[in-house]
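Presented below is the structure to which this report refers.
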């Protein structure tokens, strides 16, 4: 699936190492390979964006290595491809040796996988399923400031799905653990790949059922009910969290205006 980059190759270049992304001038590099000193490197074709190929190069650059979060404000499709590249780069870096027998592994030529040269075990990139849920109570939405968001951003609740747990059970558990309330009328909305580090966000909307807000201080700085027309600082557009909030606001406007 990979090949040597030639002079005439062009497109979008995802140059990644250790979950970092090369962002010269703060942007994903686009153009001919010669412009970015990539000729002769090995590249993996991981997709297409606006008719142009998207290449993954497993390489560290001395300067301008940043987080994929820095391209979150770009088009959602391009952000997702950048996230795919970072996740694949980390997968290949962390699977050089077989976890069963310890022998070297090599990449598959037909799919995104690593194969053991000794016991023939096959490894695929792991994806961690997560839930994210917007909870509505009349004309208000539950928003929280997470301990990892020290910039004042308030968002909806989210968390990882545990082993042996359904998505619906994960929603109920995470909401109770983080906020102390119960929800009802759960409805699936959409999903979004989320490369922090290798998640798949499954998005839901729910209605408040019962309970008073009691936050988990290990997870949240604060949480509260916010009227739909008086909201705090929100996650950026293009994120599934923002989509859930905007959908909830639209429902409130339709009912209360």
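Placed from the backbone N, Cα and C atoms, the Cβ positions cover glycine too.
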Swiss-Prot feature motif 'Nudix box', matched against 93-114, 115-136, 137-158, 159-180, maps to 159-180
Divalent metal cation 1 binding in Swiss-Prot involves 158, 178; of 212, 219, 222, the partner in that site is 219
Listed alongside 69, 111, 124, 192, 193, 194, 195, 196, 197, 198, 199 for substrate in Swiss-Prot, from 33, 241, 250, is 241
One of the binding-site residues 119, 158, 174, 178 has its Cα closest to the Cα of residue 197 (substrate binding site), namely 158
The answer for the motif 'Nudix box' (159-180), taking Cβ pairs under 8 Å and residues 6+ beyond its ends, is 128-131, 133, 135, 142, 144, 186, 188, 199, 202, 204, 206, 211-216, 219-220, 223
CA pair residue 119 (Zn(2+) binding site) / residue 195 (substrate binding site), Å rounded to integer, equals 30
